[in-house]
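Peer 1: The active site, proton donor annotation in Swiss-Prot covers Glu126. Feature annotation from Swiss-Prot assigns [4Fe-4S] cluster binding site to Cys12, Cys96, Cys198. Residues annotated as dimethylallyl diphosphate binding site in Swiss-Prot: His41, His74, His124, Ser226, Ser227, Asn228, Ser270. Residues or ranges marked as isopentenyl diphosphate binding site in Swiss-Prot: His41, His74, His124, Ser226, Ser227, Asn228, Ser270. Residues or ranges marked as (2E)-4-hydroxy-3-methylbut-2-enyl diphosphate binding site in Swiss-Prot (evidence: sequence analysis): His41, His74, His124, Thr168, Ser226, Ser227, Asn228, Ser270.
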Amino acid sequence: MQIKLANPRGFCAGVDRAIEIVNRALDVFGPPIYVRHEVVHNKFVVDNLRQRGAIFVEELDQVPNNVIVIFSAHGVSQAVRKEAEGRGLKVFDATCPLVTKVHMEVVRYSRDGHECVLIGHEGHPEVEGTMGQYDASNGGAIYLVEDEADVAALEVRKPEALHYVTQTTLSMDDTSKVIDALRAKFPQIQGPRKNDICYATQNRQDAVKELADQCDMVLVVGSPNSSNSNRLRELAERMGTPAYLIDGAEDMQRGWFDGVRRIGITAGASAPEVLVRGVIAQLREWGASEEQELEGREENITFSMPKELRVKAL
């Protein structure tokens, strides 16, 4: 068996920053540090931070007074921010800057009294946070659609003042179909100047397509609740290549690889490289040859830390 590795794969700049915010808060202020929602959707990462003293909660009413709370990379609604301010909680915001960009677009549409359509998955924390940026007091509304059927059923009040934004971790192919449906139904709809699907999502989807084209099977390292990891698995399967989403080597079954000559491995944007290395080590034990990394696309984007958590130069 030959192993091929997607490039890029694994952590993106937003995930790196979010995890580092929790780690530095623990270093500077000591445990416990409260985190609203899993800071990123990866079991290994969350378990490690929990062992260091991070306490993960779903709502701020689970957070005591006079503590530090961190908002996850997925972002939060304006209501959550106001609740934290009202209670005087010290907040560090780990929202990915590319999610914040979408939030600012929604706030602008809301302020101007324009309506907005969000393309995304209902119930995902990023979607809840983005929907929660819209203030309907100016007479507009925000609508959520997931697919072309939702667009067909959608009725808006202001088709002449309508915009769309997207969740940052969607499938580019699926999203383009929804956008086409929106434009066909609402010819005056306007989109953002720049695609809302983030660079890391796009790069990893391009890489898994290349991987699936060269392999008999694809393994996607990522947790089941990771949106971008699920999209990678779906993309590989759509290209006709069997694919499995795994948290790590412990999820693999030896029988999966009977008759497989080329195994492709990628990782979602919230999955650390150590898990990929564990998968490779297990495959090598089962007889796989040394891995080959595909050329891919270099990523050198970084996002700054909150001022109080920046490491001072010696």
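Any Cβ shown, glycine's included, is placed from N, Cα and C.
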Peer 1: Compute the centroid of the Cβ atoms of Cys12, Cys96, Cys198, then list the same-chain residues not in that set whose Cβ lies within 8 Å of it, in sequence order, for the [4Fe-4S] cluster site.
Peer 2: Ala13, Gly14, Val15, Ala73, Pro97, Leu98, Val99, Thr168, Thr169, Tyr199, Ala200, Thr201, Ala269
Peer 1: Please report how many Å separate the Cα atom of Cys12 ([4Fe-4S] cluster binding site) from that of Ser226 (dimethylallyl diphosphate binding site), as a whole number.
Peer 2: 13
Peer 1: Which of the binding-site residues Cys96, Thr168, Cys198 has its Cα nearest to the Cα of His124 (dimethylallyl diphosphate binding site)?
Peer 2: Thr168
Peer 1: Rounded to whole angstrom, what's the largest C-alpha distance between any two of His41, His74, His124, Ser226, Ser227, Asn228, Ser270, listed as binding isopentenyl diphosphate?
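Peer 2: In whole numbers, the farthest two Cα atoms are 15 Å apart.
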Peer 1: List the Cα distance (Å, whole number) between Ser226 (dimethylallyl diphosphate binding site) and Thr168 ((2E)-4-hydroxy-3-methylbut-2-enyl diphosphate binding site).
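Peer 2: Cα of Ser226 (dimethylallyl diphosphate binding site) to Cα of Thr168 ((2E)-4-hydroxy-3-methylbut-2-enyl diphosphate binding site) measures 12 Å after rounding.
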Peer 1: Can you tell me how far the Cα of Cys198 ([4Fe-4S] cluster binding site) sits from the Cα of Thr168 ((2E)-4-hydroxy-3-methylbut-2-enyl diphosphate binding site), in Å?
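Peer 2: Distance (Cα to Cα, whole Å): 5 Å.
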Peer 1: If one measures from the C-alpha of Ser227 (dimethylallyl diphosphate binding site) to the C-alpha of Thr168 ((2E)-4-hydroxy-3-methylbut-2-enyl diphosphate binding site), what distance in angstrom results, rounded to a whole number?
Peer 2: 10
Peer 1: Could you tell me the C-alpha distance between Thr168 ((2E)-4-hydroxy-3-methylbut-2-enyl diphosphate binding site) and Glu126 (active site, proton donor) in angstrom, no decimals?
Peer 2: 8
Peer 1: Can you tell which of Thr168, Ser227, Ser270 has the most other C-beta atoms within 10 Å, given these are the binding-site residues?
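Peer 2: It comes out as Ser270.
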Peer 1: When neighbour density is defined as the number of other C-beta atoms within 10 angstroms of a residue's C-beta, which of the binding-site residues His41, His74, His124 has the lowest density?
Peer 2: His124
